[in-house]
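S.K.: So Swiss-Prot says this about it:
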TRANSMEM  78-98  transmembrane segment
TOPO_DOM  99-122  topological domain 'Extracellular'
TRANSMEM  123-146  transmembrane segment
TRANSMEM  196-216  transmembrane segment
TOPO_DOM  217-222  topological domain 'Extracellular'
TRANSMEM  223-243  transmembrane segment
TRANSMEM  299-319  transmembrane segment
TOPO_DOM  320-339  topological domain 'Extracellular'
TRANSMEM  340-358  transmembrane segment
MOD_RES   Ser659  phosphoserine
MOD_RES   Ser669  phosphoserine
MOD_RES   Ser685  phosphoserine
MOD_RES   Ser711  phosphoserine
MOD_RES   Thr716  phosphothreonine
MOD_RES   Ser736  phosphoserine
MOD_RES   Ser767  phosphoserine
MOD_RES   Ser790  phosphoserine
MOD_RES   Ser795  phosphoserine
MOD_RES   Ser813  phosphoserine
TRANSMEM  859-879  transmembrane segment
DOMAIN    859-1155  domain 'ABC transmembrane type-1 2'
TOPO_DOM  880-918  topological domain 'Extracellular'
TRANSMEM  919-939  transmembrane segment
TRANSMEM  991-1011  transmembrane segment
TRANSMEM  1014-1034  transmembrane segment
TRANSMEM  1096-1116  transmembrane segment
TOPO_DOM  1117-1130  topological domain 'Extracellular'
TRANSMEM  1131-1151  transmembrane segment
BINDING   Tyr1220, Gly1245, Arg1246, Thr1247, Gly1248, Ser1249, Gly1250, Lys1251, Ser1252  ATP 2 binding site
MOD_RES   Ser1445  phosphoserine
REGION    1449-1481  region 'Disordered'
MOD_RES   Ser1457  phosphoserine
Amino acid sequence: MQRSPLEKASVISKLFFSWTRPILRKGYRQRLELSDIYQIPSADSADNLSEKLEREWDRELVSKKNPKLINALRRCFFWRFMFYGIILYLGEVTKAVQPLLLGRIIASYDPDNEAERSIAIYLGIGLCLLFIVRTLLLHPAIFGLHHIGMQMRIAMFSLIYKKTLKLSSRVLDKISIGQLVSLLSNNLNKFDEGLALAHFVWIAPLQVTLLMGLLWDLLQASAFCGLAFLIVLALFQAGLGRMMMKYRDQRAGKINERLVITSEMIENIQSVKAYCWEEAMEKMIENLRQTELKLTRKAAYVRYFNSSAFFFSGFFVVFLSVLPYALIKGIVLRRIFTTISFCIVLRMAVTRQFPWAVQTWYDSLGAINKIQDFLQKQEYKTLEYNLTTTEVVMENVTAFWEEGFGELFEKAKQNNDRKISNGDNSLFFSNFSLLGTPVLKDISFKIERGQLLAVAGSTGAGKTSLLMMIMGELEPSEGKIKHSGRISFCSQFSWIMPGTIKENIIFGVSYDEYRYRSVIKACQLEEDISKFAEKDNIVLGEGGIQLSGGQRARISLARAVYKDADLYLLDSPFGYLDVLTEKEIFESCVCKLMANKTRILVTSKMEHLKKADKILILHEGSSYFYGTFSELQNLRPDFSSKLMGYDSFDQFSAERRNSILTETLRRFSLEGDATVSWNETKKQSFKQTGEFGDKRKNSILNPINSIRKFSIVQKTPLQMNGIEEDSDEPLERRLSLVPDSEQGEAILPRSNVINTGPTFQRRRRQSVLNLMTRSSVNQGQSIHRKTATSTRKMSLAPQANLTEMDIYSRRLSQDSGLEISEEINEDDLKECFFDDVESIPTVTTWNTYLRYITIHKSLIFVLIWCLVIFLAEVAASLVVLWLLKETPPQDSGNSTKGANNSYAVIITSTSSYYVFYIYVGVADTLLALGLFRGLPLVHTLITVSKILHHKMLHSVLQAPMSTLNTLKAGGILNRFSKDMAILDDLLPLTIFDFIQLLLIVIGAVAVVSVLQPYIFLATVPVIAAFIILRAYFLHTSQQLKQLESEGRSPIFTHLVTSLKGLWTLRAFGRQPYFETLFHKALNLHTANWFLYLSTLRWFQMRIEMIFVIFFIAVTFISILTTGEGEGTVGIILTLAMNIMSTLQWAVNSSIDVDSLMRSVSRVFKFIDMPTEDSKPTKSVKPSKDGQLSKVMIIENQYVKKDDIWPSGGQMTVKDLTAKYTDGGNAILENISFSISPGQRVGLLGRTGSGKSTLLSAFLRLLNTEGEIQIDGVSWDSITLQQWRKAFGVIPQKVFIFSGTFRKNLDPYGQWNDQEIWKVADEVGLRSVIEQFPGKLDFVLVDGGNVLSHGHKQLICLARSVLSKAKILLLDEPSAHLDPITYQIIRRTLKQAFADCTVILSEHRIEAMLECQRFLVIEENKVRQYDSIQKLLSEKSLFQQAISSSDPLKLFPHRNSSKHKSRSKIAALQEETEEEVQETRL
């Protein structure tokens, strides 16, 4: 960044903003880079400003019981704020004085007032000087206020960020990330924009008082008629504003509904294409868009009338002020023209400035109070440590994640009494003692220096909470903790900060080469680092998106190990690693490298327990066992069930085995009933309305929710570049059925009840604490794949006795949750994170305007219509002027024109009624014409928006995956949310305003030029100068805006990154470093924003200077050339003053239009995306086996219905090569093999070897070369849709969209209910669907959050059965399944797909053993393609993976279908026992 010229600028340069010229010149000539931006003045640096405000806020906290943030702000900024306010007032006063001089000039032309004629020229000079003074006062004042607003925002940003790093985990649990981002973006922007308006809360009343005094002098009491009209108008506009908000609120629900489905479509675009659902999704979204646009039109019409009311009001104000006076006393012309000028200023003060100022104060004070509440939240307390301590001791420790359980108990009791009095006593007192269940109960252990403690337990047992308590994140309510305080921590979910691999591992600790190399080697990172060209200096993006899940996990572990500490806390560090890597790291790192350190390792692996010095097994928060492994075997023979999280199967009823949903439903209805009577947001159990549910305001992390019958866990895997597709799914802990998610960790990512209300359900806000406990992958947007939707898993841990009261207590506690923002528009918040670096031109091209205008033929006619009406208006005014000129001087009538082509035709007292008629007649005509002009324009522009949305949606759905892989999901969604909102809401009204203002100016210039042709000569250069200046400024301003927008993203990204790694940050004590990074991001944004404000002010000032020169020219031309006739001078000068203010407004409007048209450019960019080549690329030829008839029938469109192809499911793959993008590396090379009809083939390979890529290649979702044939038909000879319909797909990332069960199973509506129920029976879905009200018509929302992951898999199975597919592709179908659902799926696969070809990519060995052949993929190629016997006899990956099991024992399973079927319960029991021995590849 360059040094700012501002530092050396002179006073004159600062006053006229001339110091910005170099950047304006550079921006005009070339594209600006970040290096071209000037450094910020030291007074604006985040360090200085935050220190200043922090000091004052600390003073406020120390000195008062009730500290006020506004007092701290006042002490920092008040005097400068008032100084600029006074300057602003003086600038505004000049506006009120100008009409007095104008009146005197007009009076000097009165034949009876010859004496004043000589001083007219001096009055003209005085009037021009007033304009110059106004310009020199207003612009510095407005800039100064914007500058103070920016400084206040920076100081508060910093204060909020610092506070966030200090918040206790309990508070973080109650705040969602959306609320925090909203606090920073929505609330604080109010200071930037609003501070310049704030002073009008006192300036406007003073201005009105002054003007009314001056008008009283002119018109006496009748002046108040005009004021009364303006007050009524202001109230009318407020009413219209309220009506508009009503429509917009209704519309918000519809927009949310559309965006949810659009978002689901974008995130699952691969599945949409695999299922051939493009047309169905398009139709569904367009139907929602239709309803939304009806409300958009209503809101636009109301806004249009609101805007028009201002334009048309000018005439009536003058008319109502003048008429009573004229009727009673008659009137002289100069009073009329003076009145007109006064009324223009008055109108602005009453209808615009004062209401805006009041709104600004209301918003700003609200924002300050919210921030004040946030700054007073409870902070994290570090424990008191003794550095000489060598052991770790915990004595009788109990802890709660929640506080204030006594109050909750009372509240629940009252609520329960109320329920009993209503006759509903079925719910409570069953487990009342569990209200406020501690997360840890009476835990005691002691480990000496150098010992390894293994902590194990089922999901939600309290393992992570134990580590949190040692770190001080969770405060014990009883008991003692003792350790030295020198801690290192490795989180369960790996956290990567933006920076190099080396910076992530060293993490601010002093660099030691030997230690660093040892850690890299022990954590198995050497090979990974060597693959990168930059080695360990490769810069990792947000969340480390270039890395696989396993690599991220190992870097997080290396960071923890590199720090020299006394105690190492390792929370399931091996979750993402395959068996072999995990074994090596445990041996070399945990056991050898850290041998003399104290370690606490959360694990569920038997091998780790055997090696540990001490074992602590937790169960439901209590210490189930503490001791050595040998003691464990002797004392607790049943430990495996506690460790794994489920007991033996005979505890379950038959009903429970058939459908896990029964318990889920029971949980939902409990929660619904428990909350409905008192919860503000009336959450109800499965009560469907026509709309989807209300917006949720719950925290995501519900600590206590995790201790329930089923732990529902959120996972958001990221699929990466084809190289690491499988790797981002965390492998489960070996002896636990689900990832060991802690309470206070990955709990319901979205609402677990269905809300009913006016708006569609958005994604639930994520509490900050939950953000930390989820995989860092979630926020990272892969370059090549989209982030996956949340998937859920059910643990089989019965834990039945912990459900009702825990959920109830959690719901109660949510009343005390922090509500930072009542209404957070989270889709809008996305713009904080996804700012595409655009390749669109710096200024909107004429081509974009031309395409926009011609996309809907009616728009051209509407624009011509506007022009015709405008010409009629000008013609009318010229006719009136001509009539007036023809009238004899003694009866001279004169006309004038208000800000809207309205006329004030005033005749001397000969006929007051004649005045009245002309006024009303002319005004009515113009009012009608103005309305006719605007409404069709607004209506047509909304239709254009509708067409653009349709075209863009079609383009995205038809685009090839290679194109979509290069785009961020957030970027695509921004086009449908942010840009469509601009096209719907802002653009039509801004274009209307611009056209209206432009026509007013042209009309006024035309009238003036007719009256005084010389003025036309002055007008031409002014308009030319304005066009050149606008073009010159626009190039730079749009680039600065874009850079500012890009600079906003790092601020919010850094906030989210810090929150995800907050526990790690605090464990390593790196808060100051991260505060510095945050300040750097703030300063970068400030540099862009400050420069944008300065250049904008430069432009506004230059425009005003041109107008001042124009006005001086007009004044002197009219004074020197008019001769007799006060009317003409009056009209010319009044209109010239109008032209000044209106043309400036028009210029700003034109810049707004250009800025908004960039959204249109972005939309066109999406519309122009390439489409998939769906037509056959070669003619059909008979294959070698002579299946001529089959091939020929393919050309027939009814081929699918006749079930002729594919008939057997035979597949032949020849030389298949697959790439993700056109110029990318080959992910798979020269793959060749064939599959017999009905055969089952298993895909084997390490994480990231390309198994999922191969399945995508079969579906032609990638760039592929080579050939695949199904039953002799080549993929080149039929359409893409026909080819994909040959496959049934169960993807890794299950896709359930918001809609009914029926829609989800059959979006095209091809099958009747009978057929759907039949298939539901086959796959075991009937019992699931029947338990929902409405059955097939039950509406699923939020990705089907009421279903377990297993049931979603069953829906995918049912889709495949309905599609009559002969080839089934399964990608990790058991990845997140509990044993029961897994057995249902296995059974379904055996029965429903008995005669189908099945290709299976799977991690579970047991599932793979049912395959007849195996395809082993290594290094992008096929290594082996053989039967299981051959693979076991050779040294292969498969053989290594199951070396610990007895191969012979595994063999009977392969042919299990030939065995006589055993009783169902016995079979399930045996199969599930084998799950315990489960091994993963």
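Using N, Cα and C of the backbone, Cβ positions are placed for all residues, glycine too.
Help me picture these features in the structure, burial and contacts included.
M.R.: Mean pLDDT of the predicted structure over the topological domain 'Extracellular' (217-222): 86.
Taking Cβ pairs closer than 8 Å, the transmembrane segment (223-243) reaches residues 208, 212, 215-216, 302-303, 305-306, 309-310, 313, 316-318, 320-321, 323-324, 343, 346-347, 350-351, 354-355 in its own chain, all 6 or more past its ends.
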S.K.: Cβ under 8 Å, sequence separation of at least 6 from the ends of the transmembrane segment (1096-1116): give me the contacting residues as numbers and ranges.
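M.R.: Same-chain contacts beyond the ends: 16-18, 20-21, 24, 105, 121, 124, 127-128, 131-132, 135, 139, 142-143, 1008, 1015, 1018-1019, 1022, 1025-1026, 1029, 1033, 1037, 1132-1133, 1136-1137, 1139-1140, 1143-1144, 1147-1148.
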S.K.: Under a Cβ pair cut-off of under 8 Å, which of the recorded stretches 299-319, 991-1011, 1131-1151 contacts the transmembrane segment (340-358) most often?
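M.R.: Comparing 299-319, 991-1011, 1131-1151: 299-319 has the most Cβ pairs near the transmembrane segment (340-358).
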S.K.: Cβ under 8 Å, sequence separation of at least 6 from the ends of the transmembrane segment (196-216): give me the contacting residues as numbers and ranges.
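M.R.: Residues packing against the transmembrane segment (196-216) from afar: 84-85, 88-89, 92-93, 95-96, 99-100, 142, 145-146, 149, 223-224, 226-227, 321, 339, 342, 345-346, 349-350, 353-354, 356-358, 360-361, 364.
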S.K.: I'd like the number of other C-beta atoms within 10 A of the C-beta of Tyr1220 (ATP 2 binding site), please.
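M.R.: Step by step: centre on the Cβ of Tyr1220 (ATP 2 binding site), count other Cβ atoms within 10 Å, giving 23.
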